[in-house]
Structures are given as structure tokens and as C-alpha cells.
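What TrEMBL annotates here:
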DOMAIN    3-352  domain 'RecF/RecN/SMC N-terminal'
BINDING   Gly30, Glu31, Asn32, Ala33, Gln34, Gly35, Lys36, Thr37  ATP binding site
Amino acid sequence: MHINELSLKNYRNYESLDLTFDHKVNVIIGENAQGKTNIMESIYVLALTKSHRTSKDKELIKWDESYAKIKGSVVKRNRQFPLELIFSNKGKKAKLNHIEQQRLSDYIGALNVVMFAPEDLNLVKGSPQERRRFIDMEIGQIQPIYVYHLGQFQKILKQRNALLKDYQRKQQMDRTMLRVMTEQIIEHAATIIHRRFKFLQLLRKWAQPIHLGISRHLEKLEITYDASIEVSENMELSKIVEVYQKQFEDMETKEIERGTSLIGPHRDDLVFHLNGKEVQTYGSQGQQRTTALSLKLAEIELIYSEVGEYPILLLDDVLSELDDHRQSHLLNTIQGKVQTFVSTTSVDGIEHDTLKKAEIFHVHQGAVSKEG
Ligand code: ATP
Ligand code: MG
């Protein structure tokens, strides 16, 4: 799939911008703080309705403006269709084929993207929250119903936590109410974790050989799921429900004492190992970067295998961070099959045929000009 038109209105530092893109590689060049990442981000947001940099949609609106709009024209399975997102103080509106979608899960998935940005180093070294965010975003775009379960889970979690916290003040607990909420939360928690397991199996299948390739057959990458309950990956959904029921029962008194929900997918984590050693703890900078790169490349293949078309790849300021071997590995992988956006302050030092055939855009203070 690819995007052939993008138009921004009041998006970050762009008052108004209209661009048409090459089907293959587009390079965005500009000095620091000119608006390179903002373009990349807008494509990511158009696909997933959320930024990779912030959870506050308000930040996407140009300062002193009341709304922001992103429009794109996407080609997928040889059909072209428009996508449109509008952010304002009333929230966000998502339109697919000019029709407003009541649920974001009916919108997400129309366009698939994979972003590789400097922040992705945090994927390995950062907090568990970042790894959960990664896995949630990725599952969401190939199985939009996951977004629904996640949203429901978060809503009930908030209510349940408020109830638990209230105990500290009132010193009494409406246990019937708590159990109703527990039942509700389990339904979504179990589905989430079950889908995460399935996704991980796929991710591993692609990431392992890719990582072996990038590391010149020196490193075996393993990805494990660190759950807050005692479950195993091959469990059926009904079995996971049972485990949650049992463990929530066992935890009830402790949760009331502590005033918060102590188990659930919001407490889980991913762990990466290279040749048996935990990357989070022992990995060098380069190993962390390579692990993140392997995961991103794996996502590209995973989306292809699930959706039947390659996603759009957004490489924000990362090419110059990779050594020659990793750079060529990356560019060889995408060559000719993945529409790619590369942002960089300079193309010096990036010698690759893929970039020679690219469409070049120059960005200066929120204005973009196409080369040639
Ligand atoms: P770098 O090379 O440093 O990564 P960049 O070209 O990627 O730079 P961007 O992150 O795209 O830079 O940001 C460009 C400018 O947009 C920055 O000066 C930033 O302060 C500005 N900016 C960010 N958010 C908004 C906003 N909501 N309204 C107006 N300007 C904004
Ligand atoms: Mg940037």
C-alpha cells in the first residue's frame, strides 16, 4: 500500500501543506527543528489516530489554532481512498471514504505504518509502558477489534481503581460492585493477553531470522512475555479467563488494602534476550538499536503476512545512526516493495542505490519544496 497525497492544516508547525509522494522512496531533508518529524508523525497519526511522540492530541494542533486536520489519499489493493482526521477541543473525528467512523477501531487498520524513530531505543531499555505501547499499537493495526478491547479495559480499570481507592477514605468496600467490575475487566484482560500471545508468536517467527541476519549469525533474539498472572502462551482464552478469576479472588484483600488493581495486562512486560542474556540489562547501545531494528523489520513482514500488503515505512532520523552494514540491510529489505519515508539532516554518508532513485523534499521552517 502507499500514500500518494498528504495535506495538513494547522498541524504542528504547518499552517497549510499539500504534498504528493513517490510510490517508493521519499527523502525529507532539513535542518533541525524545521518540520521533518512533523511530516512523518502526521502520516503515522493518519494511520493510527495517535502520535508516536505524545499521548496528548492537543499538542498536534498548531499553537493558537483551534483545530488540526490531516488528509491523505491511500492506495491499497489497487483501490484509492481518502482518510481524514480532525483534532479539536471536542476530540477527534476520523473519516474513512468521507464517512465519519463512530468507533476508531473501524478506522484504524485502513492504512498500515511502521515507524522507526530515535525514541525506539527506549523500546528495549525504556519502561515496560513503552513495550506495552509498542505491542498494543502493532496488534491494533492488524486486528482493530483489539483497540476496542483495550479501550474498554482501560475504562473499566479506571473505574475499578477509583472504587479501590475510595476504600482508603470510606473504610468500607462494596464487594458486590467490585466483583461485577472484576468480571467485566477479566473479559477484556483475557482477550488482550490472549491476542498478545498470538501476536508474539508471529513477531518471533519474523524477528529471529532477521536479527540473525543483521548480527551476521552471531545473536539469537528471544522475546518473552512477562505476565502479572500465571499463564502460559499456549493457553486457550477460556483457560486464561479462569486463571484471572482465580488470581483476582486471591488478590482481592490485597487490592483493597493497596487501593489499586494489581494484576492485568497493564502490569505486563516484554523481555528481550540475546544469546540468553537480557538486552535490557546487558545489551550495548548497538545491540539495543539492532534489536529495535529487527523488531521493526519483523513488523513489516508480519503486516505483509497478515494484511497481504506491505505497510508504509517511516524512518525518522535513524539511517545516519546505523552503521553501513545495518543501513544496507535495512535498505535492501525495503528495496522496491515498501513505500518509505526517510528524514535526515543530510544525505551525506548514506550511499545506497535506493536513495539515489528517491524523490527529495527540502523542509525549511514549515515550508516544503520538491527537488527537480
Ligand atoms: P530535528 O532534526 O531536530 O528532529 P525536525 O525537523 O524533525 O527537527 P520537528 O520535530 O518536525 O523538527 O519540529 C519542527 C518545529 O515544530 C519545532 O520548532 C517545534 O517546536 C515546532 N512545533 C511542535 N509542535 C508545534 C505546534 N503544536 N505548533 C507549532 N509548532 C510546533
Ligand atoms: Mg526530527
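Glycine is no exception: its Cβ is also placed from the backbone N, Cα and C atoms.
Remember, TrEMBL labels are computer predictions, not curated facts.
Positions of TrEMBL features highlighted on the structure.
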residue : record           : Cβ neighbours (10 Å)
Gly30   : ATP binding site : 22
Glu31   : ATP binding site : 12
Asn32   : ATP binding site : 8
Ala33   : ATP binding site : 10
Gln34   : ATP binding site : 21
Gly35   : ATP binding site : 24
Lys36   : ATP binding site : 23
Thr37   : ATP binding site : 23
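Taking a Cβ distance under 6 Å to any atom of ligand 2 as the criterion, the binding-site residues Gly30, Glu31, Gln34, Lys36, Thr37 reduce to Lys36, Thr37. Take the mean position of the Cβ atoms of Gly30, Glu31, Asn32, Ala33, Gln34, Gly35, Lys36, Thr37, the recorded ATP site; other residues of that chain with a Cβ within 8 Å of it are Asn38, Thr345, Val363. Ligand 1 lies under 6 Å from the Cβ of the following binding-site residues, listed in sequence order from Glu31, Asn32, Ala33, Gly35: Asn32, Ala33, Gly35. Secondary structure at Gln34 (ATP binding site), as computed by DSSP, is coil.
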